[in-house]
Amino acid sequence: MTTLARLITALNRGLFGIAKWLVYAIVLLMLWEVVSRYFLAHPTSWAPELATLIFGPFFLLGGPYLLHLGGHVAVDLLSARATGGLAILLHLVGLALAAAFGLILLWFSLPLVAQSISYGETSYSAWNPVVWPAKAFLPLCAGLLVLQAAADAVFAVKGADAT
Amino acid sequence: QGVTKWRMQALWGGGTTPMRYEEDFCARVAELTGGAFEITPFSGGQIVPSAQAFDAVRGGAFEMMKTFDGYTAGKIPAHGFSSTVPFGFPEADQYEAWFYERDGLALARESYAPAGLTYIAPTVYGEEPIHSRVAIRKIADMDGLKGRFVGLASAVMARFGVSVSPLPTSEVYSALDKGLIDIADRGDIKANYEEGLHEVAPFLILPGVHQPTTATSYVANTRAYEALDDQKKAALAVAAREISGRLRQNIIVSNGEYLAKFEEAGVEILTLDPEDVAEARGRAVEFWAEAATDDLSRRMMDSQVALMKDLRLL
Amino acid sequence: MIESSLVLLFMFTALVAFMLSGAGLAFVLGAIAFISTILLWGPSALIVAVLNTFETMTSESLMAIPLYVLMAAILEKSGIIEALYEAMETWFSRLNGGLAVGTIAICTILAAMTGVVGAAVAAMGILALPSMLARGYHPPLALGAICAGGTLGILIPPSVVTIVYAITAQMSIGQMFAAGIVPGLILAASYSAYVLIRTAINPALAPKPSDVATLPLGVKLAKLKSLTLPAFVVLGVLGSIYAGLATPTEAAAVGVLGAALSALVTRKLTLPMLSEAAGDTLRVTAMILWITIGARAFVSVFAATGGADSLLGFVEGLETSRWVVLGAMVLVLVFLGLFLDEIGIILLCVPVFLPIVKALGFDPLWFGVLFMITAQMAYITPPFGYTLFYLKGVLPPGLGIGQVYRGIVPFFLIQLAVLLLFVVFPGIVTWLPETLLPSLK
Ligand code: NA
Ligand code: NA
């Protein structure tokens, strides 16, 4: 159990470590658009759109590991004062809410992504790329969030930590 | 039998003129059914972003939407032709005639049916203008300009030499203001005046060749639609056709009023030569064909081209 | 109507109760949205949360958040902000609360670069908060200044909220932008005045550094050099917007470039530094955007189930003095601001309120500014104030959200006072847009 939980955490940590570099891709794409529109007088049809397609996967991939870090903002007025069993219980409630949130996003986004693939859905812009690769990150990250919530629940119950 | 209650999300902002007509639509449906069919209207984005309404109605989150088929043209190529065609029908009546007198309505229904959605009827109205920082007296003047267009228009205008930037609607005002772009489309004449585009673009170009005519659509969830009795179905069709005519006429009148306001504000209104536009239409057919990537969209395009030939537009 | 009041009561009570469990706000909002959807709307409507998320994932304006946070993180990690603060300290050391005033000044500059409150608050939380705390500032004062200063971006153009308002209200974005400038500066000046007065009365709240007074003028002038790099970055961002080089979001990328070049100058531009800055950026961005996913789901359910109908209906039905109606509208806005985000409030209220405003003979432009101030109040009031949560995400250990709550009280009261000032003297608001764009009146 604990081993599996540690594997999940390591996976999400790794994805976080990769995803964080995407912000520089967004920066470069936006700068390229400025240069090509203003200095070359010829805006690209793809750079700003590609940047927005990267943006979703970027912040979604950060979510699961952020849960493990306790980085999702919470109101800790009461929970910070709880100790022992009550503290663990409150922690588990929080993880259950995160898991429920992830499950519902996963359950309802999967068919939409499948549909997007089967339609070969494109953005219908001048560049007109297929959009399912970006959309697919929602069920992926929702699923990873559910897994991380389960892993953290294991750590909380067993009193183990992630490494 | 009890009262049927539906929710409908439209694509317009709350408080706008077209949104008032959607409220009228709901009131008219209630009236025609003796109060047995209550549709609650929501403005665009109130429940889901307008471009996502297709999937929301499909999934049953609400029963009906007023949508712009262009939002889903990336899924269903035919929707590029049932929403607005750059250099397409120059008169709204011609476009509406294609729906009702030719096979437009049947083809639109065919496009929605596999998704579990029922196309009820279009609302058809006229052009949206082009706003420009430079004088444009013929189509060729657009060659080499930086512009903002969306959907099929962005591809077609690119073929006429415009460098197209896909800016969000909310950026149009400041992009024109700061000279980020030279020309832009946004909304209809009245909406663009209310947005203040006369403050940032000294020229208004008519006709709006990138969007000479527009159709928005009433679309219902098929399961919900099939559960209606015939009177309620008829009420939807009747109210939709009424709203189409009423909104179009409202826009015709307000276009006149608001063009005067643009002129008062010092904007020069430039009208393109109809022969120049017709010549460009001939070239545009080739670009339409590139967007007609499946059987249904090709049939839709062929059907429109046939009517245009009959009307001597091509 | 009764049903609508129950929806309102249920959603509000559930929000407070779940939040007190200490669960992540994103998941609390999402969970309540899901429960309400199933109970009041039907399970098939759960799809709405996913559809809203697809839109959030490709939002051009929200994309400014990671860019501005990255810019701040690079500036901070290359020691540039620390140097700026030291210079400010040197020059403002005679001033009580000089750093807090400086923070508000920098917030005002950030506000003119972006309308994204989350970016400003998170950036100042990373940059200014440690400096103020290290110098022994009273935490609530420091936190309040950042929260209030961070919201200035709503009123001072460019501003995403103003754009959404102008579009919904069918008003000129340019006029709305012009209308926000003077009120925004008045708010910034009021916050600064409050800090000055408060710390004059109680200097212990903001200790002055002891070693500064003896510095010779030459050293003080030399410290001004530290202004060069930040000024270069700010000019790059503002210049690229106003010279027509870039959209506000693209300008944020220009800001990142400027920050990286500045780091190059201070010889801090290294791969580990860029990696750390990217990590900080993803943590803050993921926090804000996952809350946005939950919040959009919450607002959709609230709108679709008619949660606001009873409140809006009450205002519509009022038959009394126009000032009472105006007061009721402002109260409704402030109340909804307790637990909704401002975009949701605009979508719910503006279509209902604006016809009333016009019918009562009030200037819609002026009402728009009142609206933006209530949106700023919404941003800093618990239980659901975005800035509180953004700031909480970057708080150093040992500081709880209770300190943040205490810190915002005086600033909330200032916002209220300024709001009343504009109600009594509408000319303050309408003068600039009518002077700049007279053709519209
Ligand atoms: Na701003
Ligand atoms: Na609030």
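Just so you know, glycine gets a Cβ as well, placed from its N, Cα and C.
Record features (TrEMBL):
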DOMAIN    C:13-428  domain 'TRAP C4-dicarboxylate transport system permease DctM subunit'
TRANSMEM  C:32-51  transmembrane segment
TRANSMEM  C:97-129  transmembrane segment
TRANSMEM  C:141-167  transmembrane segment
TRANSMEM  C:173-197  transmembrane segment
TRANSMEM  C:227-245  transmembrane segment
TRANSMEM  C:282-303  transmembrane segment
TRANSMEM  C:323-353  transmembrane segment
TRANSMEM  C:365-391  transmembrane segment
TRANSMEM  C:411-432  transmembrane segment
Go through C:97-129, C:173-197, C:227-245, C:282-303, C:411-432 and flag the stretch with the largest number of C-beta pairs under 8 Å relative to the transmembrane segment (C:32-51).
C:282-303
Can you work out which residues elsewhere in the same chain, 6+ from the ends of the transmembrane segment (C:97-129), have a Cβ less than 8 Å from its Cβ atoms?
61-62, 64-65, 67-69, 71-73, 75-76, 81, 85, 88-89, 91, 135, 137, 141-143, 145-163, 184-185, 188, 191-192, 195-196, 198-199, 205-206, 208, 234, 237-238, 241, 248, 251-252, 255, 280, 284, 288, 379, 386-387, 390-391, 393-396
Sequence-distant residues near the transmembrane segment (C:282-303) by C-beta distance (under 8 Å, 6 or more away from its ends) are 7, 11, 15, 24-30, 32-34, 36-37, 40-41, 45, 48-49, 52-53, 56, 62, 65-66, 69, 118, 122, 340-341, 343-344, 347-348, 386, 389-390, 393-394
For the domain 'TRAP C4-dicarboxylate transport system permease DctM subunit' (C:13-428), mean pLDDT (0 to 100)
82
